[in-house]
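One structure below.
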Amino acid sequence: MGCIKVISVFLAAIAAVDARAFFHNRGGSDVIPNSYIVVMKDGVTTEDFDSHISTVAATHNLNKAKRGSEAVGHKDSFNINGWRAYNGHFDEATIESILNDDKVNYVEHDRVVKLAALVTQPNAPTWGLGRVSHRAPGNRDFVYDSSAGQGITIYGVDTGIDIRHPEFAGRIRWGTNTVDNDNTDGNGHGTHTAGTFAGTTYGVAKKANIVAVKVLSAGGSGSTAGVIKGIDWCVTDVRSRNALGKAALNLSLGGSFSQANNDAVTRAQEAGIFVAVAAGNDNRDARNYSPASAPAVCTAASSTIDDQKSSFSNWGSIVDIYAPGSSILSAAPGGGTRTLSGTSMASPHVCGVGAAMLAQGVSVAQVCNRLKQIGNAVIRNPGTSTTNRLLYNGSGQ
């Protein structure tokens, strides 16, 4: 009998240890102090989630009174295709309490997220559109299916978009802003990427609808939590419009590895939205960056006009496809144009071709695989364990 009691106590102790959530990826120079993302276990009900938030609020207020903390507590809640999470500013004692809740899967620091663009090169030629519609290099004609993404909506998760730019006339609306109160593109990056994925002149999917989702400031930075909040809004908006299977997200941004960021884009993809992301610009393995390292989404590395890997482009086995990213001419706020380089410029090429495929009846789940199947095996020195496939739209040219 005594032995049974000992075993019972031992098993209870194991269960208690297993119940504790883990803290994912502590530390780093990009951590936002005292700001955290808390991810719940799968299957947590709305009632359990609300109860947890209430308990956390009470614990936070108690610890705040004890220690004189200025942390603001819970901020935003997320529900992306059943993936429940929230963010907030908490002291260490409150985080310890959260980690001990058996409904919590993991906690991670909120981190700075930045653009994946590099340099401006004035008066550079437009070459990317011609390249993605021809097997051989050097042709400037853009050949594409006449549907051109019609009926598909692309969400530009970025610095905002100049919705008055002629490139987007009659096809664009403002969506949401998770970073500030300025519903403009004070940086220009988001307008440029939108011009590439769906601009009338510089775009791939010239008839697609566009939604501006601002998650990065005019300075080009934001937070993981702000990006997740933007993705959450996108999924909710797509559902409300009965547009699953007819929508795409472009994320020309990134930061250090974040499981929460990866989970968010994965759930968006699984919900029925094609997601294209930038590989990053550090000439390193993209598996160490997010959302580039999420296996479920389509990760784009950058190529040059000579079909070389761009010197800055991240690489690695997580990369799905190369696309034009060096010296890309596209739209700029105020009705003009500018030339930028980066994997930020590669991703919207992929997003635009993906949107065009959706318009032709290819399913969300099939798009990235289809791009890899028909891509041109032409990239020289693509990087260790990296595909040499260059984006191609299947025009037959």
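Going from the start of the chain as shown, residues are counted 1 onward.
Note that Cβ sites are derived from N, Cα and C of the backbone, with glycine treated the same way.
Here is what Swiss-Prot records for this protein:
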SIGNAL    1-19  signal peptide
DOMAIN    35-116  domain 'Inhibitor I9'
DOMAIN    126-397  domain 'Peptidase S8'
ACT_SITE  D158  active site, charge relay system
ACT_SITE  H189  active site, charge relay system
CARBOHYD  N250  N-linked glycosylation site
ACT_SITE  S344  active site, charge relay system
CARBOHYD  N393  N-linked glycosylation site
Reported in the order helix, strand, coil, what are the DSSP residue counts of the domain 'Inhibitor I9' (35-116)?
-> 30 helix, 33 strand, 19 coil
Give the number of CB atoms, excluding that of S344 (active site, charge relay system) itself, located within 10 Å of its CB.
-> 32
Fewest Cβ neighbours within 10 Å, where candidates are the glycosylation sites N250, N393 = N393
Please list residues from the chain of D158 (active site, charge relay system) whose Cβ is under 8 angstroms from its Cβ, counting only those at least six apart in sequence.
-> L115, D185, H189, G190, T193, A194, A212, V213, K214, V215, L216, N250, L251, S252, L253
Taking only the CA atoms, the spacing between N393 (N-linked glycosylation site) and S344 (active site, charge relay system), expressed in whole angstrom, is 19
What average pLDDT is reported by the model for the domain 'Inhibitor I9' (35-116)?
-> 91
